[in-house]
């Protein structure tokens, strides 16, 4: 499996390293230099997603890079290609720029605003928590020590809290995982908002979306799957345009994790 991914990556990289054309992000950026690039990546990725259903949640995190995959019967959006890699790679910058599961609404809004994204984008993109899992240590304080007095988060649905305590039995548990969207964590749908409005959001960053009238109203609107899919696609397109490097800026890395 790893070898197949390596061969595909090498094939695509061989094609695109020769790109000399500049310009901004656009559809079919690799049409001349590597016309099969998008189809190759799409086909291989879908094969692996079929056998590893946890992959879509991880792939969503990769959207800041050129991603070609569209999943059937799920929200679809046109991903413009041509994004180049940065010439600086600093792991310390990651936590400073990414929203954390313990952030409140004020902090989340500041982070999103710094990337020119709105409160609406924040609530919509949080819907990605409809797939994937969360580690106990990222939310167990809500169960056992919310204010430092051995108490439980009063905003958390009591029945759901009791269920979580059967999975995560201490603050020190760093290995156990639970579904972020109970009984629906492998299906990309609008169920996240239904459970959120029942006060069953897993993280503080989920629960905080209900703390203002404006953000709660947005969550209510997204209970409609059609609305959610439409809005999610639009917000993903906006997120994909954050701080783009194109043309002669940046580079195409020969090894993704290392600057050339």
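Even glycines carry a Cβ here, placed using N, Cα and C.
TrEMBL labels come from automatic prediction, so no person has curated them.
The substrate binding site annotation in TrEMBL covers 99. Residues within less than 8 Å, Cβ to Cβ, of residue 99 (substrate binding site) and separated from it by at least 6 positions along the same chain comprise 107, 108, 111, 112, 205.
Annotation source TrEMBL lists heme b binding site at 129. Sequence-distant contacts of residue 129 (heme b binding site), defined by Cβ-Cβ distance under 8 angstroms and a gap of at least six in the same chain, are 180, 181, 192, 201, 202, 203, 206.
Taken from TrEMBL, the feature Ca(2+) binding site covers 130, 181, 189. In this view, residue 189 (Ca(2+) binding site) is surrounded by 18 other Cβ atoms within 10 Å of its Cβ, with every protein chain counted.
For 136-168, the entry in TrEMBL reads disulfide bond. Cβ neighbours of residue 168 (disulfide bond) (same chain, under 8 Å, six or more residues apart in sequence): 136, 139, 140, 143, 176, 178.
Taken from TrEMBL, the feature domain 'Plant heme peroxidase family profile' covers 57-260.
Among the features that TrEMBL reports, signal peptide is placed at 1-22.
On the 0 to 100 pLDDT scale, the domain 'Plant heme peroxidase family profile' (57-260) averages 87 in the predicted structure.
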